[in-house]
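Q: Just passing along the structure, written as structure tokens.
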Amino acid sequence: MSLPDKAFPVSWDQFHRDARALAWRIAGLDREWRAIVAITRGGLVPAAIICRELGIRLIEIVCIASYHDYTSQGEMQVLKGIGASLLENQGEGVIVVDDLTDTGKTAAIVREMMPRAHFATVYAKPKGRPLIDTFVTEVSQDTWIYFPWDMGFTYQEPIAGGKRG
């Protein structure tokens, strides 16, 4: 499989550094946080890192699926909502975390549930950017990000093609 023209492969090390950078930015806001809501599945890894860095123990998930073929999003469906206690005060004091905002459709659904929550993503694309309060890296809309959990190691043919010298 070849990468698209605007591919952005992210290693585990790079993602960890970027998620910690996001935690630093959130810490710089100097606010009290009561919980993190991770948007599954992409928000699980950065949420774990941010929880650790900020000392937040209460973690919730919201699961929103868009049925797609990895080139276009389909209809959005909430598969698992957010617990009532975190919806109090419209999500005030809650950080909503995802790996990426692309079109902003997922963030818009969660923003309706929690309009006063703080939305944070590691990466942002221009269409989704207005819905996000804090992010680390912006990429163009036509860039495809390959996250480390989507990639695996594969055998690489030797440069010499197996010839012995």
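Cβ coordinates come from backbone N, Cα and C, glycine included.
Feature list, courtesy of Swiss-Prot:
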BINDING   Arg41, Gly42, Asp98, Asp99, Leu100, Thr101, Asp102, Thr103, Gly104, Lys105, Thr106  5-phospho-alpha-D-ribose 1-diphosphate binding site
BINDING   Asp99  Mg(2+) binding site
BINDING   Asp102, Thr103, Gly104, Lys105, Thr106, Trp144, Ile145  GMP binding site
BINDING   Asp102, Ile145  xanthine binding site
BINDING   Asp102, Ile145  guanine binding site
Q: Three-state secondary structure of Arg41 (5-phospho-alpha-D-ribose 1-diphosphate binding site) from DSSP?
A: coil
Q: Would you identify which of the binding-site residues Leu100, Lys105, Ile145 has the most other C-beta atoms lying within 10 angstroms of its C-beta?
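A: Most Cβ neighbours within 10 Å: Leu100.
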Q: Measure the Cβ-based neighbour count of Trp144 (GMP binding site), defined as the other Cβ atoms within 10 Å of its Cβ.
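A: Trp144 (GMP binding site): 15 neighbouring Cβ atoms within 10 Å.
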Q: About how far apart, in whole Å, are the alpha carbons (Cα) of Asp102 (5-phospho-alpha-D-ribose 1-diphosphate binding site) and Ile145 (GMP binding site)?
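A: A Cα-Cα distance of 10 Å.
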Q: Taking the binding-site residues one at a time (Thr103, Thr106), which has its Cβ surrounded by the most other Cβ atoms within 10 Å?
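A: Answer by Cβ density within 10 Å: Thr106.
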Q: Can you figure out which of Arg41, Asp98, Leu100 (the binding-site residues) comes closest in space to Ile145 (GMP binding site), comparing Cα atoms?
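A: Nearest in space to Ile145 (GMP binding site), counting only the binding-site residues, is Leu100.
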Q: For the binding-site residues listed here (Arg41, Asp99, Asp102, Gly104), which one has the lowest count of neighbouring CB atoms within 10 Å of its own CB?
A: Arg41
Q: Anything within 10 Å of Arg41 (5-phospho-alpha-D-ribose 1-diphosphate binding site)? Look among the binding-site residues Asp99, Thr103, Lys105, comparing CA atoms, and list what you find.
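A: Of everything listed, what lies within 10 Å of Arg41 (5-phospho-alpha-D-ribose 1-diphosphate binding site) (Cα to Cα) is Asp99.
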Q: Compute the C-alpha separation of Lys105 (GMP binding site) from Asp98 (5-phospho-alpha-D-ribose 1-diphosphate binding site), stating it in Å without decimals.
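A: Between the Cα atoms of Lys105 (GMP binding site) and Asp98 (5-phospho-alpha-D-ribose 1-diphosphate binding site), the distance comes to 12 Å.
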Q: Measure the Cβ-based neighbour count of Asp98 (5-phospho-alpha-D-ribose 1-diphosphate binding site), defined as the other Cβ atoms within 10 Å of its Cβ.
A: 30
Q: In DSSP terms, helix, strand or coil for Asp102 (5-phospho-alpha-D-ribose 1-diphosphate binding site)?
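A: Asp102 (5-phospho-alpha-D-ribose 1-diphosphate binding site) sits in coil per DSSP, no helix or strand.
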Q: How many Å separate the two farthest-apart Cα atoms among the GMP-binding residues Asp102, Thr103, Gly104, Lys105, Thr106, Trp144, Ile145?
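A: Maximum Cα-Cα distance: 17 Å.
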